[in-house]
Structure formats: structure tokens, C-alpha cells
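Annotated features in Swiss-Prot:
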REGION    1-37  region 'Disordered'
COMPBIAS  25-37  compositional bias 'Low complexity'
REPEAT    67-108  repeat 'WD 1'
REPEAT    115-154  repeat 'WD 2'
REPEAT    159-195  repeat 'WD 3'
REPEAT    214-248  repeat 'WD 4'
REPEAT    307-350  repeat 'WD 6'
REPEAT    358-392  repeat 'WD 7'
REPEAT    414-491  repeat 'WD 8'
REGION    571-604  region 'Disordered'
REPEAT    642-703  repeat 'WD 10'
REGION    690-770  region 'Disordered'
COMPBIAS  699-713  compositional bias 'Polar residues'
COMPBIAS  721-739  compositional bias 'Polar residues'
REPEAT    808-865  repeat 'WD 11'
REPEAT    874-946  repeat 'WD 12'
REPEAT    951-995  repeat 'WD 13'
REPEAT    1009-1032  repeat 'WD 14'
DOMAIN    1094-1154  domain 'v-SNARE coiled-coil homology'
Amino acid sequence: MKKFRKVLDGLTTSSPVNPGGSPGCGSAAGTPSAAPTPRELEIQETLMSEHFQICKTVRHGFPYQPTALAFDPVQKILAIGSRSGGIRMYPFLSFPHLGRPGVDCHSQHESGAAVLQMQFLINEGALVTACADDTLHLWSLRQRLPAILHSLKFNRERITFCHLPFQSKWLYVGTERGNTHIVNIESFILSGYVIMWNKAIELSTKTHPGPVVHLSDSPKDEGKLLIGFESGTIVMWDLRAKRADFRIYYDEAIHSVSWHHEGRQFMCSHSDGSLSMWNMRNTAKPFQVTFPHGKTQRDGRKESCKPILKVEYKTSRNSSEAFVIFSGGLSYDKAGRRPTLTIMHGKAITVLEMDYPIVDFMVLCETPYLNEVQEPYAVVVLLEKDFVVVDLTQSNFPIFENPYPMDVHESPVTCTAYFADCPPDIIPVLYSIGAKHKKTGYSHKEWPVSGGTWTVGSQTYPEIIITGHADGSIKFWDATAITLQMLYKLKTSKVFEKPKTGDMGRSADLVEEDPYAVQMISWCPQSRIFCVVGISAHVILYRFSKHDANTIITSLELRLQCEMEDVISPSDTENTPCFSDPSGHSPQPQPPSPRSNTPDSVRDSIPCLKVKDRMIRMPPGYQAELVVQLLWVDGEPPQQITCLDLNSAYGLLALGNCNGLAVVDYLQKTILLCMSTLELYGSADPFQRLTRSPRKNRQSTSGLTELSDNQVSLDLERSKSPTSDHVNGHCTSPTSQPCPSGRARVPGGPEGPRLARRGPGRPPFRKAQSAACMEVSLPVSSLTEENSFSRSRSSSVSSIDRETKEAVTTLQFAESYGRKSDSLPTPCLWVGTSLGLVLIIPMSIPTDEQERQEDPVTVAPTGTVLMLKGSVLRFGFLDCGGALINSPYEVWRDQHAPDDPDRPRKRKLVNFSPSSSQEACGDGHLAVVCSERQAKVFYMPSQACLYVHNITESSFVLRADVVSVSNSVCLACFCANGHIMILSLPSLRPLLDVSYLPLTDMRIARTFCFTNGGQALYLCSPTEIQRITYSQEMCETLGELFTPIETPEAQNRGFLKGFFGGNAQTFDREELFGEASAGKASRSLAQHIPGQGGIEGMKAAAGGVVGDLARARIALDERGQRLGELEERTALMMTSAETFSKHAHELMLKCKDKKWYQF
């Protein structure tokens, strides 16, 4: 049996029988040369399974659809709950070289129910959440990954409000029926003490008071609980006597209640836009009712106002006037008024307008004790799509500059790129350029949310995240040490003229609202050359400069359209090039042909967008140098670009789509190659397909409507082949590009997908083709777009033989061998297609700088073909020692810098040639090729397949990359079924296979990307970026939310005030609510659910030796300090008592012998 297993393992990880090549991975030209066997290579692989572990590190961006807000005033940690059940907690990070960027932590309720309310156990490292499924959860924050310790599910009542007094172990829970229950925080079990609604109100009252909307204990007496009902009824309940002290019946509905710190009065906000003040001495009627924004009309009545949803009533020592802060309350006189937050301080009223509706707000105060002067210093305002903190200590109420990246979603994110271990000087340069455009007027004080600690370990190399957006903007983010700070913003739309009303039709057929949406990004950090692919089938090349420049942008236009026969047979006509017009190769842009040049007004040889053709002043930063656009051909818009690669050392740019491939020399501004995929094969086409020219008119194919209308579950789709589809006789070969497929929609965004408009006479569907550029013109539901893949509808291997179109799915420039007979590596372009074919195109590039600017670059397709299963996704190159071979690059130089005669500006190139020190393989190197189905390692130049591994049979790979981890190299793959797989190189031995996501959606598939150092990221919601690590070493860099901090002591009230005006009675909640006196609650009322993180959380909390010692030390210090203070107070009282006794004795002796009439 063991021998049989070894044979099976050898079939997947061993080299082929014929080391010189096989029909599946051989070449059509050249003579096979001897290739080493895997044993002869003897590459020592250091990576083991123990080096890998999947772990979420940090989530950036604004929480999607926020619902609740909470703050711990001692730990200074902020928490935001969302509609999807997520919790974002915001600790803070401080680095001397990074300033104080924000870091946040994310946790998720497994039920996915919306978070209605949150309560911190102040300075205890715990959080209570109330969810829409009527469940309470207790979260432990005393560990690196917050976990649920207990849950309590209410079965018969719905939770509406929760209140947890400071330093109390009993939680008050109000319900929709008007009842108030009490929960023990430590055991998470209901107490038998219940305040029923019919006991809270008078017996003579016939109507139900409504749900509980407010609960709070009196600052003057903790034994009194104020209960607010929605109908306007307010009850002060005496917890000891189990009866109501007073009841208030008000005409208007109540939304919130806030106490004065002395406990003598409280304020209510109402649905008519009014604020009512109540005095505890006289509760018959409010002693003050105000309409802050209600004007008095001619008839003397107040105009109607919107409800005041929340009010906060806070006092300050420095001012006799209190702060009254509330949201809402504006009059109905103006439609479309922006949401406001009003701050009333004395007679001054300040109205702050917000960009989005207010979800919740909270006033941050200096003390956690409600019976002390509050001293408010900031207001945290949670909006639907933003997060604002207002400084209350300054008269103009400025806002704080937010260290968290809340504007990731300023425009919907359409693509992402992640670069680790960047050049160290790139981040300061980008920051210095971007800092010039930052807003001013922020508060000068430090950000008030300053809790938590975070460690970054030894890996603090520079990291940059680049996001592309639907409006054509590009954002560069500093992602060093799991932070995210905005560095620089680039607007690609400035390259083009604003389209006129009559010219909108050119891009309207391609995209409805966002003609500048970014599909793909290619960046060379060393040379700082940046390329952007837009949805309107255009590529923009940028160079970085620290100086202003006045330049004219060069524009190149390509006719990359081709039509082929539906069914190809060997008896068809000869190959005919589909680019008969040589003008497509002209280095100068062609003038757009007017639409009236044909009787049918067919658009031809015009781009979707018009590039500015005048002198443009460009500020420092990235400056556009070249624009490459694909043209309309015979009334058909260009196919969108599916892949892109640039190489700064070669000065070349390559792009591909569903029709073919183009290579551009951006130094000489010329087009070197513009061919269909079939023309690249020449006579080496393994399927013997033929092109057809001239193009024929396309007919409507109604049978394709089921491609997008039917929502098919992902589980069914995973069992079908993604490599071929048969729909009405046409073949579709999907790919897994990160960019959106087709011209039908712009991906990503809270508003859902944007659909295309069809021009007159256009068929509802184009011919079936590769999914890299599949066009869908019928409406697709947002759920289908985000949560399912429209992949194969049938499985047939023979359909490949009938494939009529082949998309270029990946490109990469490298120093490699274009032919088997080559003895030295030369510049090559590796091309991968949707049929699993790999073409190697050698190039001849002049080495002298002057010749490079003048002599042409020769590109000669040789017909070299390698084959894999599924669309080709990624290339990687290793030397014979197993080390990664990086692509050559040009060192950055500022082309617009002032001329320096001592330092002539010459191109400085850095080459990484394959190592030839290994005698086992001579001068060759290894090529790693990964497709949707399998991965292969070829030895070059013999093109022998040394290793092959079938990655998946039931699903397909969405994203793959060759990355460096722990000073070694591996192949990382992300599959459509949510699995993350790691394979060793070059042996392709599986090291990790984890089901990370149970169900993936198109947003994740479009934005998921790996990078070096064992990290990856994806867009987990329209507004959030999730970063993960698959490295064990990186998993240890998580921070801690809870830090041991001494709880501030209550203020000393003074001897006389405490003796005469204080609360003489002590309130023991344990005695009142405990099982001994209150009994047990009904089991059918709520169900206790032990949390999975209970035992693990206790172990993790107990396992932190340093934290335990620190807590023990603080506890000892607190105990010793309190004992010392007690001793001092005792001595002081004894001294005072002796003094009092002495004075009393002297007074007695003096007055003893006096008569009564002598006094």
C-alpha cells in the first residue's frame, strides 16, 4: 500500500518520463537539449508546513453600514458595530518614524445579525453587544483576537435598550414589551428580578407605554432606575422598594434622556423637535420646554420640526453653562437640508452640517463617574459613510484630523495592488508631494482615541497599497507595519478632454457612468513608472518627477479587433492578417473619423475618449507621458484590456485583450507589435485554427440570455469545468483576471454594478468568448454580481478544439530563452492565454543608450508553445539554486530636473540574470507557470517539464503569485471555493490548504492579491480592505486591545458635603438581584449559550505572564495606596477627634461656673 501511495505522489510531483519535453510542454522549433532531472538539481527547500498559518491582521476603511457606537473612557478604545454583525475596535499605534497612524481590529458575530447597541465594561477589557436577533454577547478583549465568552438568547421578547452602570456586574435590558430584565455579567444568566411594564405604570392607565427606549440610574442614588418608554411615559423605579417613586406622562414621544451630574434634573428629547427639562422636586410638568430650531409663527405657534433623536447634557468646571448637544430637530421648511449636529453652550448655538446622515454620536468626558462634573472635551459623530470627531475645547469647534483611512470608498474601489519591501525612499517622496494638497483647519490637539498597544515585530519594511477607483482616481497608501495612511492621489481623468454632450455616445456603449474607471495597475517601484488600464480600453503611462513640467501627452491608437470563423476546419482558407490597415502601427495618433463618413454612421477608427492635444502644465508627482487607446472598428467598441506588463529596463509596455497582443515602445513612442493571438502561433498552433478577414456582421444570439439572468449557486458552479463552455455552439473559456470582465459594468460600489447601454442596432449579446472580456448587456442583480460566479454551463474537453477566440490572460517581461537552441538568456515576453497556452516571444533590444533611442526594437514571435490546463494566470522565474529572479529595471531619474553638467542623466539599468554557478543545470533557469487548474515548473532553455501539480479539480484558481516568505520562495494560490493554497518551489509540494472563505464573491475575486512577506489583501466590503497573512511569523505581530490601566478614583466630595448631602445608604446589587433574594428567572425567557472563546480566552488571558504580572503589580499598588490613604484618614480623624474633645472640655470648664443669665 505504501508503494502505491508513492506511485500516486510521483504522478503529481515528479518530472515527466521524457526529460527533454513532451507534446504537452514541448516546443515547435529547435532541438531539445539535455535537461537535469529533479534529483540532479538538488535544491534545498527550507519552507515547511509549520511556517504557514492563515490569520487576519487588520481591516482598513470605514465600517460598511454602521449601526452602533461605544467608547471606553479609561482604555480610550472606540468600537463601531455594523449591520452585518461586524465590530471594529480602534486602538492606537505610535511609532517615532511613522507619527501616530491609527490601527483597528475587526471581529464578527457568526450569526451576521445587526449590532443594535454596545456597552463597554469600562477598564475591564470586555464588551457587551446587543444584536438584532435578540441576543446579548459578552466579548473578551484581554487577548489578541477578541472572542465571545457568553451569549444570552431572548426567546419571547425583543431587546430595545441596554444600560450597564459603571463598575457594576448587572446589566439592565429593556424590551419591546416594556419590561426590564437584569443580567449578571459574570455568569450571563438572567436574574429573577424583573420590572414588568404593568407594575411600572399606574393601574388606572389603560394603554401600553410602548417599548423601553431609555434606562439609566440616578447619579444621586444608584438604587433609583429611570425608565423611559416610547410613548412619553417616564418612571423612576425604586429598586429596593420595588415600586415607582414618580411617573411622568408626556404628550410627545421620547427618543433619549440625559441626566445632570448632580441628579436633580434631567433632559428629554422628543419627536416634535423639542427638549424638555424636568426637576426632581416637581415632576408634574417640565420646568422648561424649548424648540432649539423652531421659529415662532405669526399665530404664535411653533413651526413643526424633525425629531431630536439623541441629546447629551454635560457640565463643565470652567463654565457655569452646560453643554447641550443633540442631533436632528431642524424645521421642515427646507427640503434636502443636510444632517446636523447642534452644540448649545449657554446662549451660543452652533450648528455643524454633516455630509451624511448621523447614525449615532457620543460625548467624550474626562471622568467615567456620572455623579461628577463631566468635563466634555470631544464629540464622536458616526455617520453613514464617515466618522468625525469634534473638539469641544475650542470655541470654533474644529474637527480632529482622522488618522484612520475613512475615505477608501470616496469613489468605489475597482482594483487593488499590494507592494511589499519597496525602496525606502519612495514613501517619504510620495508623502511630501501629497502633503501639499492636504486640508487645513484641523484641531491642534492629539487624537482622543489613544488606547491599545500594537507590536510589529521585526518586519517593518516599507509597504504600499494602491487602489484604483471608479472615477479614475488612484490612491497610494502607506501600509507599513499594518497601518494605512494616505500618501498621494492621482486623477487619471485629467489626461482626457471632458466629453461634450454629443460625444458621449462613444463611451456610453462601453460604460454608463464611469468612463475613467480603473481596471488594472502596473507599477515599477524602482523606476517609479506607473501604468493604469481604464475601462474605456486605454492605458496611461506616468513618470514621476519632483518638478513641474509643461508637456504634450503623446497618444497612440491601436486597431486590436479581429473576427474568426465559428467553426474552423483544415480545409478553410489560408491565414489572413486581421490588421490590414498599417495606420494602426503609426507612432502618431490618427484623427478621429467623423461618424457621418458612412451612410449608417458607423463609428470606425475613433477612441472612446479624447486625449488633450495641447500643452499641459503638470504639478510635481506622477505626470502623464503616453496614452495608448484601442479604437472602434466597424461600429464595434474595442474589447477591454485583460492584462498588462511593463519593464523599465527594456522601455517596453505590453497589453492584451480577447483579440490579441500589442507591444509598445514607450521610449520611442512607437507600436512594435499588434497581432491577433493566432498570428503569434504561426504554424505552431496546436489547434490549427484560422482567422477570417474581412470582418463579418454579427448577428444577435438570443440563446445567450441565460448567461446572466439565471443566478446559479457557487456550489453547483464549482463542480463544472471553467475551461470551456458551450452555449449555442460558441465556446467560452473563462479566466480569473482581477479586473471586471467585459464592457458591461464597472465593478464594486455600494450602489451595485453599473450596466452598459447598447447603441442602435447592437445585438443584446456579442459572440461568446473568453470570460476575461465577456460582455453581458442585460441587468444583473447585485446579489448575483457579488456572490456568484457565472462560469461554465457545460463541461467538454473537446470544446477547446472548437475555440474561436483566445484571450491573452497574462504577460511578463523577463530575461529568458525564446528557443531551445539559445545558449544565453535574452529579453523575452511570456504570454499566457485563456486556453492554457504559453508563448515565448524573444526580443532584440539595443544595449547602447543612444542606439536605444534611435534604433528599433525587434520583436520576433518564434512559435514556442507550452501547454497547461485552464487559463494561464502567472509566471515566475527561479535560478538553479531556487532563488527568485526579479525582472531587470531602470533606476529612477528625474527627467525634469535641472541639467547638471557634472552628472549627465543617463539610464542606469539593473539586470538579474539567471545564476550560472550551479553545475547541475549549467546556464539555464526554471520557469514557474500557474493556470486555473495546475502549476508546472519548466527548465529553460530545454523547456522540459520538471514538476507538475494539479492544484484543484472541483474549483479553479482565481489569483496566483510567486512570493518570497521567510527568505525562500513559494507559489500562493487563491481558489474560487475560498481555499488558500501554498506550494513549495520548485517541487510544487503542498504546504498549506485552508478553507479561508466559505463563500467568495466577485468583489473578493476582483481585488484579492498576494505580496511578499506572507501577506495578502482583498476588498471585503464596498468600503473596507481586509489584510491577512499566511505566515506564522506575521501572525505574532497582532496587537492587544486591553492594557492594564489604573481606574481613576472618584472625586473627594468633602467631609461636610458627604456627611450632610451624601447618600447614606449603600446599594448592594448582588444582595438585591442575586439568586438568594430574587430567585431564578424562567428558563423559557432566555437561553444561555457558552461562547467558543470562553476556555480559549481564559487560557490566552492566563497565558500572558507579562500582563498578569503587570495587573498583579498594579493591584498591589492600588491596595497599598488605598491602605495608606485609609491610614492617613484614620490618623486625621483621630487627631480631629482629640482636638474636638479638647476644645469641648475647655469650653465645658469655662462655662461650668457661669449662671444662665451670664451667657
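Cβ coordinates come from backbone N, Cα and C, glycine included.
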Recorded stretch that, among 159-195, 307-350, 414-491, 808-865, 1009-1032, has the most CB pairs under 8 Å to the repeat 'WD 4' (214-248): 159-195
Long-range Cβ neighbours of the repeat 'WD 14' (1009-1032) (under 8 Å; 6 or more residues past either end): 50-64, 84, 106, 385, 408-409, 412-413, 416-421, 459, 461, 463, 465, 467, 479, 482, 484, 738, 748-750, 959-961, 963-966, 972, 974, 980, 982, 992, 996, 1003
Intrachain neighbours beyond the repeat 'WD 6' (307-350), with Cβ under 8 angstroms and 6 or more residues off its ends: 253, 255-261, 266-275, 291-295, 356-358, 360-363, 365, 373-376, 379, 381, 383, 390, 392, 397
DSSP helix/strand/coil residue counts for the repeat 'WD 13' (951-995): 0 helix, 29 strand, 16 coil
For the repeat 'WD 2' (115-154), residues assigned helix / strand / coil by DSSP: 0 helix, 27 strand, 13 coil
Integer average pLDDT (0 to 100) for the repeat 'WD 8' (414-491): 86
